[in-house]
Amino acid sequence: MTTPSIKLNSGYDMPLVGFGLWKVNKETCADQIYHAIKAGYRLFDGACDYGNEVEAGKGVARAIQEGIVKREELFIVSKLWNSFHDGDRVEPICRKQLADWGLDYFDLFIVHFPIALKYVDPAVRYPPGWLSENNKLEFSNASIQETWTAMESLVDKKLARSIGVSNFSAQLLMDLLRYARIRPATLQIEHHPYLTQERLVTYAQKEGIAVTAYSSFGPLSFVELDLKDAHETPKLFDHDVIKGIAQKHGRTPAQVLLRWATQRNIAVIPKSNDPTRLAQNLDVTGWDLEASEIEAISALNRNLRFNDPLAIPVV
């Protein structure tokens, strides 16, 4: 099964549905990637901070070696972590991440957060997380402009075909677009019916920046992180609005939530290690929700953000 794609402003096509690597266990990651490729997934969304890029690369290599897929048919995404925002740190860490994946280039390399932290030597701790080598929250003075200029050089050197940002507000995008020589191809944000961010999505798309949603199932991704809001918020899978629409279309609640995004040209990156759910999550483009159903789902908005750096105890 293949999915439609979004034409990026860089000229490349990005699949509308991909497989996210956040919280994918290192022990099972290689197999999960391999089986996802067999199921038809072509976009894989990784990051330094996820700590599983070596294993993900092994899954990709196995699929390529067995002739299931060619490298050029895959769309591999990774992210620049906060500790490497200084201009002279961007290229070295990108090269390390490429080596971890066993790749020559990333299809898309993203600034993970608009937060610059003090450099942590990968030889000391990797992934570095939020704390410095002194186990304190320490910031770098690197500006977004300094970081973005270094990101642009990755495209010049063919280490990344496209570059993008994540967790940026509209105001930060406005600032970035004033000086960007290479415009961000994508914006990845937390996006689900409890956090619709409609104005941000509209602005980004108007500027020709493709939007990718993470945590499409809302609190589900954050319950195991023991976040109070996630525990106290009704699960979207159990919400009467979502369940009713799913029943009407003969789909699962997960498929409805994903289609709510993809029908508005927002890419999604769910994950699963269940073969049935893998196939179901990929089947979220060949059928449509009614306009009234999209509106009903969007009306569930609470402006409730789960992935909030200010919620981290050390901040």
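Just so you know, glycine gets a Cβ as well, placed from its N, Cα and C.
If you look up Swiss-Prot, you'll see Tyr50 marked as active site, proton donor. Residues or ranges marked as site 'Lowers pKa of active site Tyr' in Swiss-Prot: Lys79. What Swiss-Prot lists as substrate binding site is His112. Swiss-Prot lists 166-167, 215-224, 271-281 with the feature NAD(+) binding site.
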Indicate the candidate from Ser166, Ser216, Gln280 with the smallest number of other Cβ atoms within 10 Å of its Cβ, considering only these binding-site residues.
Gln280
Work out the three-state DSSP category of Ser166 (NAD(+) binding site).
strand
Where Lys79 (site 'Lowers pKa of active site Tyr') and His112 (substrate binding site) are concerned, what is their Cα separation in Å, rounded?
5
Across all the protein chains here, work out how many other Cβ atoms are within 10 Å of the Cβ of Lys79 (site 'Lowers pKa of active site Tyr').
23
Round to the nearest Å and give the CA-to-CA distance linking Pro219 (NAD(+) binding site) with the residue listed as 'active site, proton donor'.
19
If one measures from the C-alpha of Ser216 (NAD(+) binding site) to the C-alpha of the residue listed as 'substrate binding site', what distance in angstrom results, rounded to a whole number?
17
Please identify, among the recorded positions Tyr50, Lys271, Arg277, the one with the smallest Cα-Cα distance to His112 (substrate binding site).
Tyr50
Compute the C-alpha separation of Gln280 (NAD(+) binding site) from Tyr50 (active site, proton donor), stating it in Å without decimals.
24
